[in-house]
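Worksheet: one structure, shown below.
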Amino acid sequence: MALIRRVALLSLHTSPMEQPGSGDAGGMNVYIRELASALAEAGVEVEIFTRATSASQPAVEHPDPGVCVHNVLAGPTKKIPKEELPGLLHSMVEEIEQIRRRQPHGRYDVIHSHYWVSGIAGLELSELWGVPLVHTMHTMAKVKNLLLESGEQPEPRRREVGEHRIVDGAARLIANTSSEAAELVSHYGADYDRIDIAPPGVDLATFTPAFRTKARRDHGVDPGTFHLLFAGRIQRLKGPQVLVKAAALLRQRRPDIDLRLTILGELSGNKEFNLRKLVADAEMDDVVTQLPPVTAPELAAWFRAADVVVMPSFSESFGLVALEAQACGTPVVATRVGGLSRAIFHGRTGLLVDGHHAADWADAFEALYDDPATRVDMGRAAAIRAQNSGWSRTAAITLESYHAAVDRHVGHLVPAVPVT
């Protein structure tokens with residue numbers, strides 16, 4: 001078996017150093033940073049490459065022992081829409097190659113790219129360096145386009161074409177769940193034998209069920225309040241509009257419930273999506289509190305302060321928030337879609353809802369409100385189940401994928417030309 005000493009992780013469209021829940025930062029950012037840290041703990045040197053988005057960013061950051069982040073200069077040193085990144089691929093690849101040449105080691109054993117833009121760059125670098133590419137999609141254009149709401153902009157054709165090229169050219173593909181692996185096969189014709197399934201983990205030192213009473217008190221949640229919590233980017237795909245409608249319906253049905261809804265996150269994507277207006281139109285201003293994203297320790301405290309964490313997503317490759325909330329001992333109500341259907345044990349650690357009808361979601365909330373003993377049991381079961389989901393497990397599976405990629409690498413890769 002080949003020895004993996006050094007890995008280049010590509011996350012060109014968003015930095016793992018960014019705050020999850022803002023801009024394009026979300027579960028993928030957490031995934032990359034935690035995976036890198038766990039790989040480093042396993043003895044692998046990890047170098048992450050991301051595009052610099054501020055003139056004040058240092059060229060190199062060292063977030064954890066054995067992990068460094070290169071802020072690659074390509075295009076303007078500011079945040080730009082993801083749609084403009086393909087035009088910078090050539091300059092990003094050139095800059096990464098220059099960084100590699102300046103390194104004393106001068107070589108990586110594996111390239112691991114995340115998201116399609118990084119995958120296209122990864123194909124070029126794989127050919128240039130003569131090392132295998134391992135790729136994790138995180139989201140897929142064809143899957144997202146199947147779930148579009150009326151009036152929403154579809155993912156561009158060039159992304160679909162790019163993802164097909166990545167599937168054909170990568171030595172290994174890593175999926176978060178078996179359902180994501182099935183989507184790679186059905187939508188992109190991937191060879192199932194080249195797919196490894198590495199479920200995301202959770203930071204079990206941060207996301208713990210301790211001090212729930214203190215968390216509620218610290219966040220001003222009264223003992224009798226039924227507290228619903230949403231944490232994530234504010235975009236239609238994540239479904240906060242479904243949650244607001246369902247909470248409003250629950251309030252109409254059950255005026256006896258002292259209801260509170262906290263939304264942690266910032267607007268991402270379509271700037272016309274106005275959550276505050278939706279809240280006002282539903283006459284829920286006195287119930288809903290919208291706050292910016294918070295650090296992981298504070299997020300864990302918010303999870304502990306909630307009775308239920310809600311994820312009404314239209315698509316999720318995994319749904320890291322669901323796992324983190326359960327690790328804090330809080331049941332999760334989520335859409336039965338993608339990785340959420342596996343992250344949550346329906347009836348044991350939370351509830352899965354089919355579709356996005358507000359009445360169905362209100363039914364789920366009402367059922368849990370009326371049965372506090374079940375909520376407690378679900379929370380306990382959720383915390384116990386999460387104990388088997390540390391990042392070391394994810395890193396071990398990922399390392400196996402790297403080994404398989406290196407062992408099977410024969411130097412023949414699909415010619416990599418940036419998609420235009």
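In case you wondered, yes, glycine gets a Cβ from its N, Cα and C as well.
Taken from Swiss-Prot, the feature 1D-myo-inositol 3-phosphate binding site applies to His13, Asp24, Ala25, Gly26, Gly27, Met28, Asn29, Lys82, Tyr115, Thr139, Arg159, supported by sequence analysis. Residues annotated as UDP-N-acetyl-alpha-D-glucosamine binding site in Swiss-Prot, with sequence analysis given as evidence: Gln19, Pro20, Gly27, Arg233, Lys238, Val294, Glu316, Glu324. Residues or ranges marked as Mg(2+) binding site by Swiss-Prot: Phe303, Arg304, Ala306, Thr330.
Taking every protein chain shown into account, Gln19, Asn29, Thr330 are the binding-site residues, and of these the Cβ with the most other Cβ atoms within 10 Å belongs to Thr330. Note: the CA-CA distance between Lys238 (UDP-N-acetyl-alpha-D-glucosamine binding site) and Ala306 (Mg(2+) binding site) rounds to 19 Å. In sequence order, Arg212, Ala215, Leu229, Ala300, Trp302, Ala305, Val309, Ala325, Cys328, Gly329 are the same-chain residues whose CB sits within 8 A of the CB centroid of Phe303, Arg304, Ala306, Thr330, the residues recorded for Mg(2+) being left out. Binding-site extent for UDP-N-acetyl-alpha-D-glucosamine: residues Gln19, Pro20, Gly27, Arg233, Lys238, Val294, Glu316, Glu324, maximum pairwise Cα distance 21 Å (rounded to the nearest whole number). Following the DSSP three-state reduction, the secondary structure of Tyr115 (1D-myo-inositol 3-phosphate binding site) is coil.
When the binding-site residues Pro20, Gly27 are compared by the number of other C-beta atoms lying within 10 angstroms of their own C-beta, Gly27 comes out lowest.
Across the fold, the C-alpha of Arg159 (1D-myo-inositol 3-phosphate binding site) and the C-alpha of Glu316 (UDP-N-acetyl-alpha-D-glucosamine binding site) stand 18 Å from each other. Taking a C-beta cut-off of under 8 angstroms and a sequence separation of 6 or more, Glu316 (UDP-N-acetyl-alpha-D-glucosamine binding site) has the following same-chain neighbours: Ala334, Thr335, Val337, Gly338, Gly339, Leu340. Nearest neighbour of Phe303 (Mg(2+) binding site) by Cα distance, taken over the binding-site residues His13, Gly27, Asn29: Gly27.
Glu324 (UDP-N-acetyl-alpha-D-glucosamine binding site) has Thr330 as its nearest neighbour among the binding-site residues His13, Asn29, Tyr115, Thr330, going by CA to CA distance.
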